[in-house]
Amino acid sequence: MSEYILEMKNITKEFPGVRALDDVTFKVKKGEIHALCGENGAGKSTLMKVLSGVYPTGTYTGEIIVKGSTQSYSGIKDSERAGIAIIYQELALVKQMSVCENIFLGNEKVKKTGLIDWDKSYAESQKVLNEVRLNINPNTKVLNLGIGQQQLVEIAKAIAKKAEILILDEPSAALTESETENLLQILKELKSKGVTCIYISHKLNEVFEIADNITILRDGKTVGTEPASEITENKVIAKMVGRELTQRFPRKEHKPGQVVMEVKNWNVHNPDLPELKLIDNASFKVRKGEILGIAGLMGAGRTELVMSIFGAYGTNVSGELILEGKKVSIKNPKQAIKSGISYVSEDRKRYGLVLGMDIKNNVTLSSLEAISKLTLINSNEVIKNTNQYVDDLRIKTPSIEQKASNLSGGNQQKVVLAKWLMTKPKILIMDEPTRGIDVGAKFEIYNIMNKLIDEGVCIIMISSELPEILGMSDRILVMHEGRLTKEFNWEEATQENILTYATGGM
Amino acid sequence: MGNAEINTIAKNNQTALGHTKSIREILVGTLKGNMRQYTMILALLVIWGFFTIVTDGIFISSRNLSNLFLQCAATAIAACGMVLVMVAGHIDLSVGSFVGLTGAIAAQLMVKAHMGTIETIAITIGIGLLLGLFQGFWVAYGKVPAFIVTLAGLLAFRGGVIAITGGNSIAPMNDTFKAIGQGYLPKINPGLPFSDTSALIGVVFIICYLVFEINKRRSRIKYGFEVLPMSLQIAKMVGFSLLIALVIGIMASYMGIPYAILLLIAIIVIFTVIAEKSTFGRHIYAIGGNKEAARLSGININKVNLGIFVLMGLLSTIAGIVYTARLNAATGSAGTNMELDAIASAVIGGTSTLGGAGTIAGCIIGALVMGSLDNGMSLMNANVSAQYIVKGLILLLAVWFDIKFSKRS
């Protein structure tokens, strides 16, 4: 038997018009953590879908060998039987069910009578929850858990299935720093118990923290597999994008002008639990032609702060909002847009796009009034404006009549951006502007931001990625539990001092 | 997105920019893009062909087709509203009772209160708008799901019908009122074997269509957009003109265009414009596609939802007037199950039950499919049970076909 627990040889998978995987070879040793890196669309997810049987044998060419024997899967069940468990970015838990029910979903412990053995299920789920160091009652409903805890439940579920190969697809995308740290720790522990892990992530610092080997995919081809100890982060990026990126953040000197927006004594209460204060007496200013970064941990209230300014967060909001010297009251997004505020949300699929609509209808959605007469839309103006944004933002699409759901993450983000730019905002709020998009597209988004600043727009950027905050902002506000705890100029900020204030330290 | 994909896209762009798209490519492209509509038209033609053969040609006679159009009219009018309701992600179960109630109110006003046709229609429409407003209020501001609000409407409005009619039919209506449901455009020259006024209207329709197409082409050229090659443009214009001529011709060669069909055509045009060209229409599609994104895009969701149900109320009322006029009476069971026919028409015509997608043109084809099955099977003397079973199966097949097809693409 070879040293490899998993070998995928010469895998080629085609979709109509696209070769998603082109002769990919991917080998994983037993008991290692193997990272799979590549830009969006490089073929990582497709490769994992081939491995997990989502694309059954016969729909691709090539060979999958697990523990020395060639596999043939007709569905996910078959790959699970071979000991492969995959945990997707969008967690696949039934929120209304308990942790225990979820762990054994589709794999229920039954008595001889055919009825579910709840006592045994309960006991065993407690055991696997211990393994992932999740100290919760197995009868807790999943909807009461945080994202980080849900992730661990997914891992517990995989352990309960006796998975030997655990695949994690962007597991830390929605996790806080400490949750991520905890997750990585648990993966290391599982590794010591002999579980093999395939770790897919855009976040190279995590990859380098835990991976033994790194395989890089580009455009559906294997670029190479290297031991993590013999390659650097920049080399990996270079291999991913196929060229050396000299700088990840195109910092340009901005010349902030007069104050455009001022927020004074801003308070926001939870719409469901009015006694819970989410934003506590926040005050800040934004100047023309600057990028104001807002850093903080997940749950610090950054999104609630900007959404409430945008008029989209409950009604339990108090404080003063001054735009260009005039006090305004914004009760809903429509008024915000009219006042020149736009909000690019953190979740483009849920809050940004109408996925079933085409690009042109998405781009013009917030500006229909400007291109209509007597509420009748001028469809030529729709096409003209959309074409212009497709050119300006370099949205890659065969046609502006392409549905938003068919675009890659980076291009979807650009469509959302186009929608908001078309409203001609003075203040553009960007919540996690580059979440889940690849390095190349990130760089383009940064360039667009710089261009907007040159045009006199001011940008408020929320980001959980500290390098992004440090690399792009002119000023940085740090939030902790609903309060603004510190303001930095970008020159004086470091990852360490931001984190100190973000975690409540002084 | 991989480079391979980008390359193909780049190539596509080149062809688009270089105007080198062949006529064949354009045809295949449109066919692929509108597969759903074309298959439904094809299915309709197959159904018509089948009934024509089994009824020895009676089905396809201009007399029968004119009747068929007239029978469909009330359902088709309601179905136009149902498309908007369903695109926004709601449903309206109250249509049948609504039609019955507004019909009963109209009959009561005319027969018992001796009002004229115009007052009757005006008051009935006023009441219909209020009822629509009432349902819309509960959906939009009361946050009660439309399924429940309109289920309540289905029960309550039917109660209203029974209270007004007292279980008897209220009849007869005025001749002018009756004409809305059963009258035809009068001829100028009664000696002709066909309706001259209808033929004239057909010509007007064709001219309007041609002017519209030419203006659209001019405006696209002005903006520098791609237009169809001249040969295809002319073929398209000739084709659609012939289609209009055929449909109007069928009616003209019998008794002329029924008033109800003129009304329906007006409603189709107005609602297509609302759905596709108005900001209100775009907002409906956005709400149905992604409510949260719509809200954050500055759309006032409550107002749009209210508007949808007011429009639905208006269309249900018009359907009620047409229905009552055609039967020349209001009865306790008038309109029963019409909501189901309207929903089925919309769904067969491609409206998504989940919201976000659907067209007025599609639902008219759907209404014709449903109406043709009723009409054709009556001609065959098939009993009512068979009609229900066949209609049910066709609905099931249409949606199955859609799901299977859309998955593949």
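The backbone N, Cα and C atoms fix where each Cβ goes, glycine too.
TrEMBL does not curate its annotations; it predicts them automatically.
Among the features that TrEMBL reports, transmembrane segment is placed at B:41-62 (among others).
Per TrEMBL, the feature transmembrane segment maps to B:68-88 (among others).
Feature annotation from TrEMBL assigns transmembrane segment to B:95-115 (among others).
The transmembrane segment annotation in TrEMBL covers B:121-141 (among others). Note on the transmembrane segment (B:121-141): residues 90, 92, 94, 98, 101-102, 105-106, 109, 115, 149-150, 153, 157, 177, 301-303, 305-314, 316-318, 320-321 of its chain, located 6 or more positions outside it, place their CB under 8 angstroms from a CB of the stretch.
Summarising the annotation, TrEMBL assigns transmembrane segment to B:148-171 (among others). Outside the transmembrane segment (B:148-171), and at least 6 residues removed from its termini, the chain residues within Cβ reach (under 8 Å) are 91-94, 96-98, 100-101, 103-105, 107-108, 111-112, 131, 135, 138-139, 142, 328-332, 334-335, 339.
Here TrEMBL flags B:191-212 (among others) as transmembrane segment.
Same-chain neighbours of the transmembrane segment (B:233-251): 62, 65-66, 69, 195, 198-199, 201-202, 205-206, 209-210, 213, 217, 227, 257-258, 261, counting only residues six or more beyond its ends whose CB sits under 8 Å from a CB of the stretch. Annotated transmembrane segment per TrEMBL: B:233-251 (among others), in sequence order.
Annotation source TrEMBL lists transmembrane segment at B:257-275 (among others). Only residues 6 or more beyond the boundaries of the transmembrane segment (B:257-275), in the same chain, are considered here, and those with a CB under 8 A from a CB of the stretch are 66, 69-70, 73-74, 76-77, 80-81, 83-84, 87, 179-185, 195, 197-198, 201, 248, 251, 281, 284-285, 311, 315, 318, 322, 325-326, 359-361, 364.
Residues or ranges marked as transmembrane segment by TrEMBL: B:304-323 (among others). Away from its own ends, the transmembrane segment (B:304-323) comes close to residues 73-75, 77-78, 80-82, 84-85, 88, 90, 92, 94-95, 98-103, 106, 121, 124-125, 127-133, 135-137, 139-141, 146, 177, 180-181, 260, 263, 267, 274, 280, 283-284, 287, 334-335, 338 of its chain (Cβ-Cβ under 8 Å, at least six residues beyond either end).
According to TrEMBL, the feature transmembrane segment maps to B:343-370 (among others). Using a Cβ-Cβ cut-off under 8 Å and counting only residues 6 or more beyond its ends in the same chain, the transmembrane segment (B:343-370) has close neighbours at 36-37, 40-41, 43-44, 47, 68, 72, 75-76, 79-80, 82-83, 86-91, 268, 271-272, 275-276, 285, 287-290, 391, 394-395, 398-399, 402.
For B:382-401 (among others), the entry in TrEMBL reads transmembrane segment. Sequence-distant neighbours of the transmembrane segment (B:382-401) (same chain, 6+ residues past either end, Cβ-Cβ under 8 Å): 39-40, 43, 344, 347-348, 369-370, 373-374.
Outside the transmembrane segment (B:41-62) by six or more residues, the chain places 250-251, 253-254, 365, 368-369, 372-373, 375-376, 379-380, 398 with a CB less than 8 A from a CB of the stretch. Residues 95, 99, 146, 181-182, 251, 258, 260-261, 263-264, 267-268, 271, 274-275, 281, 284-285, 287-288, 304-305, 308-309, 311-312, 314-316, 318-320, 322-323, 326, 338-339, 341-343, 345-347, 349, 351-353, 355-360, 362-364, 366-368, 370-372, 374-375 of the same chain sit 6 or more residues outside the transmembrane segment (B:68-88) yet have a Cβ under 8 Å from a Cβ within it.
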